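Undergrad: Let me begin by handing over the structure; questions about it come next.
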């Protein structure tokens, strides 16, 4: 007869942050007797789920994708933005092979280096610090002609806020004396993602043919003229920047182009126009034979171009480590968070590991979840209790989506009901563990439901927060450590299961058995 396993259950309460202020706090307003008792009587602490602690920029709120990647990886997983910024700060950026080698190619052939990208401090698709670092690197490598082609933001930044960024770039060139700002166009044209090729064509022709609707001597004068035409940053018409006595800049044969955006979705189309031999989005008037077109990150696996910061495969994430040690695992959630407990928790892997089972509970078909704040949590719990009873699993990873999905609605009363529904379900799970054997860790991936209104404006607060999240151990006697983060959860699970930790996991157990 097969062994009856007593599982360690990781319950991830999505969007369940910790905030002591009762104002607009749906979690504190909710009647949660189960969690209240566990918090009062069990080993517990608070852990960080935002900012540097999860590989995001300092102060940036957490999110579900980043949270689950860190939970499953057992190490801080740096997001592309943070990786590149860190490389600049550490000096490693200046020796990145894809950048150095391809700048050098253009320099040795006496050709130009063109940097293009979203000129913005927004940090969503790009960051102007990365653009400045790229321009400075080209100058350090001896490029005599360095040109920047700016795409203006106004979506991830205020609609008319580009002036300071343009002034910064013009100051960089004034200092370096080896090139200039060459063109400006709104991201509406250069960064389409819906195959609106007529928009992309305008940007491509500006870059390769210096074909603009307007020409100005400076970037600031171009921007001011755009505002006169009532164009916000995002929609600025194609403008060449041509000082008196200078020629408009075109991207020509032998030049190197560096695309400084790090987010892929809106970088792909214009990249394909440059690099794909059989490109058919529009009829190109010019196809420069470049020394290289360098992508800052991998925009798509099928784009054949050098990548400065390639994907970093995560080795020995928790699921893989379980597989290597013959452990069985269940991943279970509703539709809304199913990808998070599978793909993201597995470090970006679609396939199941050996010994892994997946259980998908359909989320309710309602327009918004405030209409059914309990979602399908009872159905999810039925399956979870059955899995505990079955004795088949060494570990179970479960996500209750309610705090986040109802939190996003901004409806306070519904968020309170969502929290109460989850608390009731936790009671059922703990009762099943007491009856059939097993232990639980209860935590969250980021905050949300603990702040449902902006206290200054009174408007609904529908976003995530940067609050810490609870971490409770329902099991043996243990001591909790302070100052931990999501990346310490997988090492905690291994410690409680009596398993060694892979060297790739740099997190440390949050709970130590007494």
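Glycine is treated like the rest: Cβ placed from N, Cα and C.
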Undergrad: Pick from 64, 409, 487: which one does Swiss-Prot list with 14, 445, 446 for the same Mn(2+) 2 site?
TA: 64
Undergrad: With 404, 408 listed by Swiss-Prot as binding Mn(2+) 1, identify the candidate in 424, 464 belonging to that site.
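TA: According to Swiss-Prot, the candidate sharing the Mn(2+) 1 site with 404, 408 is 464.
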Undergrad: Could you give the maximum C-alpha to C-alpha distance in Å for the residues 125, 155, 156, 187, 193, 263, 264, 265, 266, 337 that bind substrate per the record?
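TA: For the residues that bind substrate, the greatest Cα distance is 31 Å.
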Undergrad: Compared by Cα position, which of the binding-site residues 125, 193, 408, 446, 464 is the closest one to residue 64 (active site, phosphoserine intermediate)?
TA: 446
Undergrad: Considering only the binding-site residues 156, 193, 264, 446, which fall within 10 Å of residue 464 (Mn(2+) 1 binding site) when distances are taken between Cα atoms?
TA: 446
Undergrad: Nearest to residue 156 (substrate binding site) in three-dimensional space, by Cα, is which of the binding-site residues 404, 408, 446?
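TA: Nearest by Cα distance to residue 156 (substrate binding site): 408.
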Undergrad: Using DSSP and three states only, what is residue 404 (Mn(2+) 1 binding site)?
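TA: Reduced to three states, the DSSP call for residue 404 (Mn(2+) 1 binding site) is helix.
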Undergrad: Nearest to residue 14 (Mn(2+) 2 binding site) by Cα distance: which of the binding-site residues 193, 264, 404 is it?
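TA: Of the binding-site residues 193, 264, 404, 404 has its Cα closest to that of residue 14 (Mn(2+) 2 binding site).
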Undergrad: Return only the integer: C-alpha distance in Å from residue 404 (Mn(2+) 1 binding site) to residue 446 (Mn(2+) 2 binding site).
TA: 9
